[in-house]
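Listed in Swiss-Prot:
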- 10-30: transmembrane segment (TRANSMEM)
- CYS23, CYS24, CYS75, CYS81: Hg(2+) binding site (BINDING)
- 45-65: transmembrane segment (TRANSMEM)
- 92-112: transmembrane segment (TRANSMEM)
Amino acid sequence: MSKSNPNFPIIGGVIAAIGAGLCCAGPFVLLLLGVSGSWIGNLTLLEPYRPIFILLVLALFGFAGWKVYRPVEDCEPGTSCAVPQVRKRRQVIFWLTALTALVLVTSNYWIVWFA
């Protein structure tokens, strides 16, 4: 039986957050990088799917938080979640990526101040 990747929920959450922020922050970031063209306006076509991406972000980060902060007693002996240094590193990575996802998901509201 194959072991699941413990980082999958975090990686999936960040990818979903990128999808949620692509319609709003995407054109702004591309313009900051010097990329231009009329096709950039097509990124707003993803706006109707934004709530789905946001729900996906919440679900994946909720699952990741549950996996990262579950009690040590629930971990099998010898696995990485039972090692204190690995647990601490995963918690830091979880919060850094959650903050990144929050910035991307809320970009629809704050990007207007910079554009």
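Cβ coordinates are placed from backbone N, Cα and C, and glycine is handled just like the others.
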CB neighbours within 10 A of CYS24 (Hg(2+) binding site), counting all protein chains shown, number 24
Taking all protein chains shown into account, the Cβ-based neighbour count within 10 Å for CYS81 (Hg(2+) binding site) is 16
The answer for the transmembrane segment (45-65), taking Cβ pairs under 8 Å and residues 6+ beyond its ends, is 9-10, 12-13, 16-17, 19-20, 22-23, 94, 98, 101, 105, 108
Three-class DSSP assignment, CYS81 (Hg(2+) binding site), comes back as helix
Excluding its own, the Cβ atoms lying within 10 Å of the Cβ of CYS75 (Hg(2+) binding site) add up to 14
Within 10 angstroms of the C-beta of CYS23 (Hg(2+) binding site), the count of other C-beta atoms across all shown chains comes to 20
